[in-house]
Amino acid sequence: MDVFAFFNLNELAFGLSKLPMFPYFDMAHYIISVMSLREQPGALCVSQRSPLACWFSSMLYCFGGAVLSALMLADAPVAPLSNTTNLLLATLMWYLVFYCPLDVVYSLASLLPLRLVLTAMKEVTRTWKVLSGVSQAGSKYSDALFVMVAVGWAKGAGGGLISNFEQLVRGVWKPETNELLKMSYPTKVTLLGAVVFSLQQCRYLPIQTHHLTFIYTLFTVTNKTRMMLLGSSSHPLSSLESFLYKTLFVRPLTDLSAEHTHSKHNGSVPEPTTAQTHTKEAEASKKTN
């Protein structure tokens, strides 16, 4: 893009696209994921009652996206756990966050400056996960836009999308927390990334991959940092989401509502239903008796 050449950002964007995630960025992802689990209601009790269930829930938080995307592509769901090094690293982070003496690791990671850095690094890994999912789907189903979006979304936000299953591991059942019913910010921003990367891979967006990677990473990191510093849940997607909802999905008044309004204006009283008639007759018979 000419903008990148004008501001001499080509080398920075290309360098970011070649940045290795292991071990430091993966470690940040594991720490923040396990901390998110620990901060769930009742998670500490589960860690004392059943360390195995706590470990399994932590691995779902860390590798849920890879597991879900593997299922969608008819691959073995345990394939993401075949990397012993990553699995051991995630297990080490789980142990330190939950069982480190004096809670040293969790207390240090909870400090705002360090948590900002770790969260920013986790957002960088989100970009790579989304792009990896889109590319993986594109290699099997070329130009299948919907499949690429779905797999990229699953790989980037799978931990949230399978949260109901993860809750069952901890003995919790809250179907109202389904991410599809009420999506959290990470799920929304991951869906946005899956859409734009899929459009780029299908050549609907005239932009190079490393340029789009730089733009999306910059957007997610700066926005997440702003939200943490301000302690606010508002994000730039709220306005777009509200506009699309009001434009496409708000239903007009139903016929029943229209009839009710018309009767109210005319001063007419709607006829009682059969159940109401039976109730009144029963009350009248009681009074008579």
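Just so it is clear, glycine is given a Cβ too, placed from its N, Cα and C backbone atoms.
Note that the coordinates shown come from a computational prediction; the quantities given were computed from them, not determined experimentally.
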Same-side flag (membrane), Arg49 vs Asn178, source Swiss-Prot: yes
Beyond the flanks of the transmembrane segment (19-36) by at least 6 residues, Cβ under 8 Å: 58, 61-62, 85-86, 89-90, 93-94, 97-98, 106, 109-110, 115, 117-119, 121-122, 124-125, 128, 159
Cβ contacts the transmembrane segment (50-73)/the transmembrane segment (145-162), at least three under 8 Å, sequence gap 6 or more: yes
Close approaches to the topological domain 'Lumenal' (74-85) from elsewhere in its chain (Cβ under 8 angstroms; 6 or more beyond its ends): 22, 59, 63, 66-67
Segment-level pLDDT (mean, integer) for the topological domain 'Cytoplasmic' (37-49): 96
